[in-house]
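Some features that TrEMBL has for this protein:
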{"type": "BINDING", "residues": "A:His71", "note": "heme binding site"}
{"type": "BINDING", "residues": "A:Tyr83", "note": "ubiquinone binding site"}
{"type": "TRANSMEM", "residues": "A:21-39", "note": "transmembrane segment"}
{"type": "TRANSMEM", "residues": "A:59-79", "note": "transmembrane segment"}
{"type": "TRANSMEM", "residues": "A:91-113", "note": "transmembrane segment"}
Amino acid sequence: MVTNITNFGRSGLSDWLIQRVSAIILALYTIFMVGYLLFHPALDYPTWNGLFAQTWMRIFSLLAFLSLAAHAWIGLWTVITDYIKPTGIRFAVQIVVMLAIFVFLVWGVQVLWGA
Amino acid sequence: MNSKRPVNLDLSTIKFPLPALTSITHRITGVILFIGLIFGFWALDASLSSPEGFEAVRHALDENILAKLIAWGLLSALAFHFVAGIKHLLMDGGIGLELESANRKAQITVVASAVLVVLAGVWVW
């Protein structure tokens, strides 16, 4: 088996599986959010805030954000290694993507449990 | 491999089969969605921060043409990425791997996401 330590799960098979599982979680989260917004056309702040005050919604959202982080990294890693051949530039772009994912994750946690 | 065989790597002269086009679009929409996370997290953060923040997001989506365009664009990218992702999962399950059905599924992906793109536009406006 070919291993490459710069990918997410350290093996293509693991990446493949994580990408599928995270995709399904993200699909469920997307369907839920779109459905919720469609069924609440006159949404107000207390209702919206109340939804995200529920523990299950926070956990569901955190699961989605973690899936997003893994999914985005595996997807962008694949795209970056396919199209950016010079090692230095590829490395730099990968670091930028990694930092961006980290920022999004921290931001998401702060939104869910923040002050 | 015979190294004397002619090689053409000029992408502009190659006619891509539809499944190739949906594949590259899946990648492009993925990159767009990643960049669009800035707007998504901003909207989520602001809308949950306070009643004023909630109204600011609502106002932007109601009045601001640029915000509407961004929302529609991101929903469209999401729609395509979603449909193409489902196609991927079906193919992982061994469904429709023959040339004929691969073309058919690429066509269905294009049509289904086009419908969703229109619906997303109706929703935003």
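Heads up, the Cβ atoms here are built off N, Cα and C, so glycines get one too.
Since this is a predicted model, take the numbers as computed values, not measurements.
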Mind giving me a neighbour count for A:His71 (heme binding site)? Other Cβ atoms within 10 Å of its Cβ, every protein chain shown.
25
Under 8 Å Cβ to Cβ from A:Tyr83 (ubiquinone binding site), same chain, six or more residues apart: give me those in sequence order, or none if nothing qualifies.
none
Kindly assign the residue listed as 'ubiquinone binding site' to one of the three DSSP-derived states: helix, strand or coil.
helix
